[in-house]
């Protein structure tokens with residue numbers, strides 16, 4: 001019996017010590033701990049959520065249909081470049097291939113070039129290919145995965161500490177940026193598609209001026225885009241008639257940095273990978289004395305004349321940039337383009353002052369709740385209530401330590417979960433103490449009453465905690481953001497409640513009984 005009691009005391013003491021060490025990095029005094037000591041201590045830390053620290057929360061919707069549409073467009077473009085007569089019809093690609101021996105060779109060539117597409121229909125003059133359902137599903141899933149990765153790379157380079165980027169459902173992304181000081185800049189960085197293209201200006205078209213003035217329609221193989229407003233144009237956008245087919249895209253960029261011109265004006269310097277450097281060399285060689293437009297998200301930033309072949313795999317984007325705009329542009333180019341456009345569904349910004357008020361209110365509410373509960377238990381159940389209070393304090397210490405070990409993010413709903421955990425801990429102790437009272441009133445010895453009280457309350461306590469745990473798990477699985485934080489706090493608290501209610505207080509009673517025979521119990 002004494003060995004078992006010693007083990008339980010050691011277990012309880014060890015849990016408290018470990019919890020305190022886990023909590024330490026989250027306390028202000030952590031900064032005073034020497035580095036030589038820190039390396040031997042755990043690094044778990046409780047982070048503050050947006051509602052406590054301030055920051056912004058953004059929910060984005062990825063246009064997966066655009067990703068599928070873009071894939072089909074790329075196929076049509078690739079087939080045209082290969083010499084096929086191809087047009088898009090909805091989500092299908094229609095090739096003009098007359099019936100005959102040549103058709104089989106064409107179909108084989110296309111299947112080899114694009115193994116994902118399947119032939120869906122044919123007639124005397126055309127063959128129709130479509131993407132099967134499994135390939136459409138793969139493209140949509142890839143668009144989501146790539147969008148999350150691109151956004152994460154952008155935010156990492158933006159310098160936000162402890163960001164949260166997670167998928168929500170099939171086509172949504174939740175982004176939480178605690179402590180962000182410039183929400184508008186962050187929003188522009190996150191939502192920008194950043195599709196970079198190098199396109200030829202069709203200034204040799206005799207109808208170019210009429211097309212720009214919208215006197216005649218734009219040819220099928222051209223596109224009319226606006227330029228970046230600048231001081232030279234009085235803040236107006238210059239229209240450009242471009243060849244629709246991009247000669248090169250930003251996928252071949254290996255690096256992008258901010259540089260400065262001879263008048264200290266910022267611009268973005270780009271470096272291509274080996275394949276990109278070779279392609280850029282060929283483009284500039286084949287189109288000397290022509291205008292090459294640098295297009296970002298369907299806006300022309302510059303359209304310099306190619307004076308000569310450019311080797312070395314470098315190019316630059318100039319414009320009326322501020323230093324901040326140039327830095328942000330270099331970030332999105334390094335991180336890559338989003339695979340599909342995104343739409344902002346929700347954008348919530350919490351100021352740091354509101355966060356501080358929330359922290360103070362949350363702390364006051366928690367402290368007040370704990371103090372009132374401790375006083376009530378001590379008043380109503382006397383010394384046994386003090387023992388229950390001891391278990392509640394242990395409960396809080398171990399709970400906060402567990403949250404630190406999980407690197408949990410504390411939010412206002414999380415604080416509510418902690419307070420609810422305190423309430424459940426009180427409920428468990430009340431059940432035990434009332435059972436003990438009943439046994440003592442029935443005339444049984446104190447020691448027997450204590451054992452019977454714990455035994456009779458055990459199943460009720462376990463049953464209530466298990467049903468609450470099931471509810472918390474459902475909230476965690478189907479909830480988002482703050483609701484998940486509440487569910488995590490509640491789930492962890494339930495397990496710790498069981499431990500402190502059934503083991504923590506029992507250890508005290510067993511220790512008292514081992515010291516001397518218990519004749520009376522203050523309850």
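Just so it is clear, glycine is given a Cβ too, placed from its N, Cα and C backbone atoms.
Look at TrEMBL and you will find 144-203 tagged as domain 'Protein translocase subunit SecDF P1'. Mean model confidence of the domain 'Protein translocase subunit SecDF P1' (144-203) amounts to 83 (pLDDT, 0 to 100 scale).
TrEMBL lists 237-340 with the feature domain 'SecDF P1 head subdomain'.
Residues annotated as domain 'Protein export membrane protein SecD/SecF C-terminal' in TrEMBL: 344-501.
According to TrEMBL, the transmembrane segment annotation covers 362-383 (among others). Proximity of distant same-chain residues to the transmembrane segment (362-383), defined by a Cβ-Cβ separation under 8 Å and at least 6 residues beyond the stretch ends, is recorded for 52, 389, 392-393, 396, 412, 415, 418-419, 422-423, 426, 429, 433, 521-523.
Tertiary proximity for the transmembrane segment (390-409) is limited to same-chain residues at least six positions away from its ends with a CB under 8 Å from its CB atoms, namely 12, 15-16, 18-23, 25-26, 42, 44-49, 162, 164, 370, 373-374, 377, 418, 421-422, 425-426, 429, 485, 488-489, 492-493, 496-497, 499-501, 504-505, 508. The transmembrane segment annotation in TrEMBL covers 390-409 (among others).
The feature transmembrane segment is assigned by TrEMBL to 415-436 (among others).
According to TrEMBL, the feature transmembrane segment maps to 457-479 (among others). Within the chain carrying the transmembrane segment (457-479), a Cβ under 8 angstroms from the stretch's Cβ atoms is held by residues 424, 427-428, 431-432, 435, 486-488, 490-491, 494-495, 497-498, 501-502, all 6 or more beyond its ends.
Annotation source TrEMBL lists transmembrane segment at 485-509 (among others).
Look at the domain 'Protein translocase subunit SecDF P1' (144-203): DSSP puts its residues at 24 helix, 18 strand, 18 coil. Helix, strand and coil content of the domain 'SecDF P1 head subdomain' (237-340), in residues and according to DSSP, is 29 helix, 37 strand, 38 coil.
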